[in-house]
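In Swiss-Prot this protein carries:
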BINDING   8-13, LYS67, 83-84, LYS100, 159-162, LYS182, 187-188  ITP binding site
BINDING   GLU55  Mg(2+) binding site
Amino acid sequence: MSTITFVTGNANKLKEVIAILASSETDSSSSSSSLSSSNKVGKFTITNQSVDLDEVQGTIEQVTIHKAQAAAKVIDGPVLVEDTCLGFNAFNDLPGPYIKWFVQSIGLTGLVKMLIGFEDKSAKAICTFGYCEGPDKEVKIFQGITEGKIVDSRGPTNFGWDSIFQPNGFEQTYAEMDKKVKNSISHRYKALDKVRDYLLSQ
């Protein structure tokens, strides 16, 4: 049985990955901050560790590849890393991979105000996972995209920009959705579905 370390210090992100990727025995409502030994995908056991990694600028693919390679060296084994971006179509996909810094600097209200002068409120949520088997190994990329629009903040604001993103075909923001619903349509789900298929094929 091989072990893959999901590298994150974000408890909310970890819970979603548990709910989507790990075994059906895992309760997605669990408040645990670490994965149990029952979390298996095919021949792999998924564990988790928080690792301080240098942040680089570039496309989301470049950022993910760098993060996976750096994490594999620290862990000295197979790792799974994730990078998420939110792109406003009116801004040619900005903030993109820099969304975390936008949230920290101008907040959710500031992000909504960026689009005040634009009719086009459409946006895309992009999740990119990188899997690396170990130091100096090739990084495999798995990406999921969910289209939607930017709206005034609705719902809990404790998970990034979830409260201002309303996916197409729904009247609720990510933050307002039941977790099971969100985890069946989100950009993270779509990317992890590809990760799962890959791991099961190994």
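Backbone N, Cα and C define each Cβ position, glycine as well.
All features noted in Swiss-Prot, drawn onto the structure.
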{"residue": "THR8", "record": "ITP binding site", "Cβ within 10 Å": "18"}
{"residue": "ALA11", "record": "ITP binding site", "Cβ within 10 Å": "15"}
{"residue": "GLU55", "record": "Mg(2+) binding site", "Cβ within 10 Å": "11"}
{"residue": "LYS67", "record": "ITP binding site", "Cβ within 10 Å": "24"}
{"residue": "LYS100", "record": "ITP binding site", "Cβ within 10 Å": "16"}
{"residue": "TRP161", "record": "ITP binding site", "Cβ within 10 Å": "25"}
{"residue": "HIS187", "record": "ITP binding site", "Cβ within 10 Å": "24"}
Subject >> Between LYS67 (ITP binding site) and GLU55 (Mg(2+) binding site): CA-CA distance (Å) >> reply: 8
Original post:
According to DSSP, which kind of secondary structure is LYS100 (ITP binding site) found in, if we only use helix, strand and coil?
Top reply: helix
